[in-house]
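J.: Just lifted these from TrEMBL, have a look:
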- 1-119: region 'Disordered' (REGION)
- 33-43: compositional bias 'Polar residues' (COMPBIAS)
- 69-102: compositional bias 'Low complexity' (COMPBIAS)
- 155-235: coiled coil (COILED)
- 278-305: coiled coil (COILED)
- 319-690: domain 'Kinesin motor' (DOMAIN)
- G440, Q441, T442, G443, S444, G445, K446, S447: ATP binding site (BINDING)
Amino acid sequence: MNGLKRKTAPDDTTDQPRKRLAPILESEIKQPLQDSKTGTNLTLPKRTGPPPLTRPRAPEMNITRRTQRATSAPPTRPPSSTGSRPGSSIARPTTAAKRPAAGRVASGPGAQLKPNGPFDFQFQALEDRVASVENARAADQARMHADMESERTKVAELQANHLAMSRELAAAKSQELTQRRELGIASDELEQLKRRHANTIADMEMDTSRKDRKIRELEEELRSTQADLETERGTVTTLKATVSHQSTAQITFTTQISALQAQVTALQSALDVCTGQKTQQEWDLEKATKRIEELERETREGEMMRRKLHNIIQELKGNIRVFCRVRPILPSDLVPANLAKSSSGSGSGFSTPEPLPEDEDKLREIARAAIEYPDQLDHKEIVVSFSSESAMGQERKDQWAFNFDKVFEPQSSQAEVFEEVSQLVQSCTDGYNVCVFAYGQTGSGKSFTMEGGSSNSTTGMIPRAVEQVFRVADEMKSKGWEYVMEGQMLEIYNETINDLLGKGEFDKKKHEIKHDKSGRTTVTDVNVVPLTSPSQVRSVLSLAQSRRTVAATLMNERSSRSHSVFTLRIRGTNSMTGETCEGSLNLVDLAGSERLEKSGAGNDKDRLRETQNINRSLSALGDVIAALGEKGDGKGDKHIPYRNSKLTYLLQNSLSGNSKTLMVLNLSPLANHLNESLCSLRFATKVNNTTIGTAKKQSRTAAS
């Protein structure tokens, strides 16, 4: 030990207690270090035992005898079992050479310590104290190990709980992700169901519209069938009356024969034979009559089917539809002075009040042209006859037959004409472009057909079409449709476009015609009026008619000297389906074709210029129709001269197939106008046979 000094003892008794104490002290010094108490989640209790002992220093003893020679170190004993702490893993090695303990005689090997009386008790007390310290330390060590085991158990439980909670957290996160994915899938399915529901509603509405149109067609067919049934019933009644009359006659004959049988016995056999033959002939005649009626009915049905199929084929080809209307003979046409002229001043109206002469029927026969209407079932054929004298002085009679989509006889009313036109007017509310224009010589009734008269029964096509459009718009509100309408009215006078609804004077603005890629035609710097009611439209038309250029000629006392074009644009939006459509209705009143020698325009410079421009524009219209006909016959890319006149350029989209087009041909019934009527009929036939393509619907959905 470093703290003890080696001293020599005078005798062996002094060395004995020291010899016993030395191993204990050395064992105390060799105790290993205590285990660390800084483990995870462990807090060791504070030590309450006695503090560790420091090695005591040996007491100073009076040594009487000292030796100066070196001594050898005594043998070391192994440390006592009670002096080592349990759990110690490090043992300090015993030093090979130590200083001799105090009180030992350095006399060489075999030297013994001898007891020193007073120190024996001290060493004994020291040993007891060391033993008690070791026992206390062992107890502390055992208690410490127990605490450590308890803490380790708690740590293990906490780790197990932590692991379980981590697994639960991971499972909860996985379940949350799964539920979010399911929510996304459910949202997508809901959107798909909504879109499918909207599509189903749109399909149902379209189906309802188609069924409504079908119902109207069936109702019209029912009315026609009922009319035919009434006709057949009348025929049956007539036949029954005939049969009854024949039966009565037969009874009379039988009575007479019975009376004569008494007088003419010789001829009885011959009379019986004749009676039998007569009965058989009557039976054969009745059978033949029924067979003829059946064949006639089959022939009519076959002709109706042929005409219907022909009409369908013509519509599929996209031909311009042509109606022909012959105006009635007016009172002014029967004035003898007018009959003596080369042409009558007839006017465009159908009800001009004039005093009639006494021989009215005779004058009508003189004035009437040889025009017949053989097709009384479908009213689609008109036949014109013309008598002339040949070079040999013989009378030559020529006859021409023309077929159109509809032929209106002089007694046809404005309502009957519009009933056919209304089918096209309906299309403009469905998103199509529709064009209706009146063509014919001056005084044939074009303006009356398009604009009409002052009474409700004589209302023209333009106001009737507008009223129908507003009526359809009101009916479609229940299905979610809202329509916005606007109109404009132009005239083409001497190849100049004038705005009939403009606020300023004519010719102050230069109006240009524009065609866009969608097939819409617009005119720059024109006044477009929003339309909200049919009465407003009538006011607009009245204003436009008052500003239109007219003049008196020999052909017509109020002749239109310009072409007028009324355009009604319709934009519809369905709030339920999101669908939109845009259509337009062009109603054109063309100026009448005329000849200078008959109209008397050659004597007036202004009328001459007007007539030349009118005929030039109508000739350009004929050139366009001819070019379209050649193109439809497959003769290559034929140039269509739309730009040759303002009229054809304005009607380009109506003639090129981007709209449903109808031409109303107006004819004069007078014999003096027969040549002009034939020219108009030939031109209308050319128009009717011209292929321009099929009109397309201008509509889109919220997705396009």
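Every residue gets a Cβ built from N, Cα and C, even glycine.
Looking at the shown structure, can you explain where the listed features end up?
T.: Only residues 6 or more beyond the boundaries of the coiled coil (278-305), in the same chain, are considered here, and those with a CB under 8 A from a CB of the stretch are 246, 377-378.
Computed over the domain 'Kinesin motor' (319-690), the whole-number mean pLDDT of the model equals 81.
Cβ neighbour count for S447 (ATP binding site): 28 (other Cβ atoms within 10 Å of its Cβ, all protein chains included).
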J.: Could you check the binding-site residues Q441, S444 and say which one's CB has the most other CB atoms within 10 Å?
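T.: Per the Cβ count, the most surrounded site is S444.
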J.: According to DSSP, folded down to helix, strand and coil, what is Q441 (ATP binding site)?
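T.: Reduced to three states, the DSSP call for Q441 (ATP binding site) is strand.
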J.: Taking 10 A as the limit, how many CB atoms besides its own sit near the CB of K446 (ATP binding site)?
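T.: Excluding its own Cβ, K446 (ATP binding site) sees 27 Cβ atoms within 10 Å.
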